[in-house]
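In TrEMBL this protein carries:
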type     : residues : note
COMPBIAS : 645-660  : compositional bias 'Basic and acidic residues'
DOMAIN   : 28-100   : domain 'GspD-like N0'
DOMAIN   : 124-182  : domain 'NolW-like'
DOMAIN   : 187-254  : domain 'NolW-like'
DOMAIN   : 262-336  : domain 'NolW-like'
DOMAIN   : 460-623  : domain 'Type II/III secretion system secretin-like'
REGION   : 645-673  : region 'Disordered'
SIGNAL   : 1-21     : signal peptide
Amino acid sequence: MRRLIASLLVSSALALTPAAAQPGRVTLNYENAELRVVAAEIADRTGYQFVLDPRISGRVNIISPAGMTLSPEEVFEVFLATLQVNNFTAVPAGDRIYKIVPIDQGARDGGPVGNSDIQGGTTTRIFPLDNIDARSTAGSLRGVVGPQGLIIPIAESNSIVVVDNGRNLERVAEILRTIDVDDTILRTVTLENADATSVATALREILQNTANNQNQGGGVQVIPSVGTNQVILRGSPNQVARAVPIVRELDRAGGVRGNFDAIYLNHVDGEELVPIITQLIGGTAPGPDGAAPRAAAGGPVVTFHKPTNAILVNAPPEAQRTIRQLVQRLDIRRPQVMIEAIVVEIANNTARELGVQYLSGGDGLPVSAATFTDTRPNLLSAAGAAFFLTEQDGTRDVTTITDGGNVVVSQEDDVDNDIAAISGQLVTAAVSDLLSFNGFVTGFGDVTEDGGVYGVLLSAIKSDSRSNVLSTPFTMALDNTPARLQVGQEIPVVTGEAVGTDFQGGFRNIERQDVGTILEVTPQINDGDAVTLKIKLEVSSLTAFTAQSDSPILQKSVTEQELVADNGQIIVIGGLVDNDQRNTETKVPLLGDIPLLGNLFKGQSRAEEETTLMVFLRPTIVRDASDANAVTARKYDFAAQRQLRAERRDEGPSRLERLNDTILGTGEIPEAP
């Protein structure tokens, strides 16, 4: 054992001999040296670290000419070549770290990916191919790589992966540079009878089923040109030459097939599209006396099949191609627009009135009265009722009966019936004034013993009314298609009436009038997501009825215009700010002008009405399902929250969500982004 160690030390000392006058360079000489010992000395001289597989064993011989010196990198290259001769290889495992393993395992480990400066080490390299097929090329190159090397084709990217030593990889790269060249040509075949798309589809199926085509570098590329009705072929000259006769034969078969065709539509209505196509292709002639157009003699015939929404064409091939191209441009999915309107109406009405009424009169006395207010009660009606119901030239016994709100007066036989009727009307008016009065009233009055009547009445009233109306109508409309939303009611309005002879056979003309919110809009989507809107918005409400004919009084606000707004932009489209003030003063001439005392002979009223009306609009373009889900989720969530608020709950499913579960089986609505 000691003798073996001594011999190894002696051989090591002789193997790596530093060259005189050349620092860092050595001369290699090994004779029957242990491989593990050589690896240790090479690592010491080159700075590389080696991890030895337990199976590494054997002896090596390295002989250098006298006087030849090597740099550390050259020493490492010689060591790698020595390993390869002995069926071992070095696989990179880190920065200047290599694993020494059997060469078959080195191919499986792969080594680094890409180019390698180490010619003797195992490396993995990917070769992308541009003009030749990866599978056939990999089969041809298997004889170039070493016995333990690997070559793998990747069809998806048309490339090959090679695992081998650096020298073999360089040979593979040189071969690929020679054979991977573009020798393809382009050939255009114009069709006379058949359609380019159908011919291209049939040709691809034929070529795919041809074994000869599958073994020739990817086959022929077939590209249909719909606009020119041509088939473009790309491939090697031999492949293109074999494909051209097939295209000619398919074109002839298309002419024999006939001139009938059916075009199935995906988005537009065939009934609307047929008149447009017929006029554009010149297949119509004017009908007699303004009748509908009819097909011209010998021209194309275009009609539609409503159950399948298909256009049926009987025309020459050239006309069929023109019609199909036109249909492809028109049969597209049209976007939609969600139009949301916000109507804000704020009203504030204030009224104040102060007035004095007085009355005096009787037998032998002049009647004097003054009224300075438009409000009830009316002092004249009250005084008249008191006068007729009080004893005058004797006692009048009167019984007053109220029946259903109507006052009926019954008097003794000594009272004239006409006077009784007048007194009844005055009593009814006085009672009605008192019952309907709002505000403050005070005063005094009486009937004297000699039949005189006097009275003074002071009335004061103040009223304030406020309203705040916010409505948000919205609707979805297809591009360039009118849409209408109406929410409200229909009320009857008398437009005319007549009474027959002896009040018999009378009649009335009644019309129904819409009251509520009516939104009519036609959107047009422009370039840059701008939307042109033709809009009419009407908001109306029933406020009161006329006293004479009991006809309704409607308050109506209408805006009708055409405007442009960007997608998602809130824009004001109209409004009104109105402030109406009315001051009224009534007085007795001269007496009403007396300071302080003149207030007893005048009445004052003041009314103020403020109205603010604003209308805002926001268009939102809905191009696809994701946009539709977003606007639907926003409205659905709003409705669900209103349901919870109406049910006075803060959580849990609303009635809307429970209904959705019942009908659809799920309450899932896409969330708004």
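The backbone N, Cα and C atoms fix where each Cβ goes, and this holds for glycine too.
In TrEMBL, annotation is done automatically, which means it is predicted and not curated.
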(request) Summarise the model's confidence over the domain 'NolW-like' (187-254) as a mean pLDDT value. (result) 80
(request) Please spell out the DSSP helix, strand and coil residue counts for the domain 'NolW-like' (187-254). (result) 35 helix, 15 strand, 18 coil
(message) Going by DSSP assignments with H, G and I as helix and E and B as strand, what are the residue counts for the domain 'GspD-like N0' (28-100)?
(response) 26 helix, 28 strand, 19 coil
(request) Please spell out the DSSP helix, strand and coil residue counts for the domain 'NolW-like' (124-182). (result) 21 helix, 17 strand, 21 coil
